[in-house]
Amino acid sequence: MYEKFVSNTRLRRVTVLALVIFILFLVRDFMTPILLTFIFTLISVKIVKFVQRYIKAPTFLLATILYLFELWLLYLLISRYSTILIDQVVSTYNSIVHFYQHKEFNSDVVTNFISSYFKNHNWQDKVESGAGIILEQLQNVGRLAIAFIVSFILSFFFMVEKEKTILFSKNFLSSNYAWFFQDLFYFARVFVETFGVVVEVQLLIAIVNTIITTVGLGLIGFTQLPTLAIMIFFLSLIPVAGVIFSCIPLTLIAYSTGGIQTVIYVLILIVVVHCIEAYILNPKFMSSRTKLPIFYTFVILLVSEKFLGVWGLIVGIPIFNFFLEILGVKIRTKLTKD
């Protein structure tokens, strides 16, 4: 019976796929570092292969240079704009203190208003709820930062020992249960091919977002645009949500640059860029590179975002194409007459 099961390729692969889905469900809390590691590694492999077309250098050397360059960009970004953000927070705090200490400020009226407000509203529950939300968001940011660091380190280790890691992994294909690992390799190859297309699309979207946003910030009156462009590019690698994440630092810088009016201009720019990415660039680029109709692409992105969150915007199309490949569906780009 075991021999019949092994010889039945279709049943065998369905069983292996079900097992993989079950394991992924068990480790769903670790999906963020898993996907980040996969993305970092895939991007690094593509960059190194592109450079090796023109420069015959070992992967270890190119990977080391690439990751050092990325760390330098991250340091440049933090060192330049962390001080600006801190100065803006301190300036805002000083402005509030100065306002309350001003002689024209009627403290008795405000104190009475605050006192009556607290009497008429359940302020304690609201404060506790607000503090809980802030604490939860800080924990999410901390978990994301840890996942980012761990994924960055893991992808670096893979790149510096790429050949050795691949050679070791191939030993499983000749083990006593070679059929199991061969099926895993088949599924991994199909998913990597489709996922690679999505990563390329997201890189294109990030470049377009960076150009549009940087030009818009230049027209508004921002300075130090090259450093801002680096920050925008890295945040744009996060689909759709990256544009929203860039809202906080950009609005703080805008307030220190030109006040409320500049903040409004920046918010309008962010909304426009967000709409362009979500409703034009993402469906159009995805459909052109995956050969899917824009209607299907848009529906897949909406459904995957609903069930998988922001990650669904990245893995939704690869998962759909993955099952198309497994089901043997051939995509035709032209209608044929019967």
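Cβ atoms here come from the backbone N, Cα and C positions, even for glycine.
TrEMBL annotations: computationally assigned, not manually curated.
Sequence annotations record features per position, and here TrEMBL assigns transmembrane segment to 16-45 (among others). When Cβ-Cβ distances below 8 Å are used as the criterion, the transmembrane segment (16-45) is approached by residues 63, 66-67, 143-144, 147-148, 150-152, 154-155, 158-159, 162, 180, 183-184, 187, 192, 195-196, 199, 203, 311, 314-315, 326 of the same chain, each at least six residues removed from its ends.
Summarising the annotation, TrEMBL assigns transmembrane segment to 57-78 (among others).
Packing against the transmembrane segment (141-160) from elsewhere in the chain are residues 32-33, 36-37, 39-41, 44-45, 48, 59-60, 63-64, 66-67: each is 6 or more residues past its ends and has a CB under 8 Å from a CB in it. Taken from TrEMBL, the feature transmembrane segment covers 141-160 (among others).
Away from its own ends, the transmembrane segment (172-191) comes close to residues 6, 12-13, 16-17, 20, 318, 322, 325-326 of its chain (Cβ-Cβ under 8 Å, at least six residues beyond either end). Per TrEMBL, transmembrane segment is recorded for 172-191 (among others).
Taken from TrEMBL, the feature transmembrane segment applies to 203-222 (among others).
According to TrEMBL, the transmembrane segment annotation covers 229-256 (among others).
The transmembrane segment annotation in TrEMBL covers 262-282 (among others). Long-range contacts of the transmembrane segment (262-282) within its own chain (CB-CB distance under 8 A, at least 6 residues past either end) are made by residues 201, 204-205, 208-209, 212-213, 216-217, 220-221, 236, 239-240, 243-244, 246-247, 250-251, 254-255, 297, 301, 313.
Among the features that TrEMBL reports, transmembrane segment is placed at 294-320 (among others).
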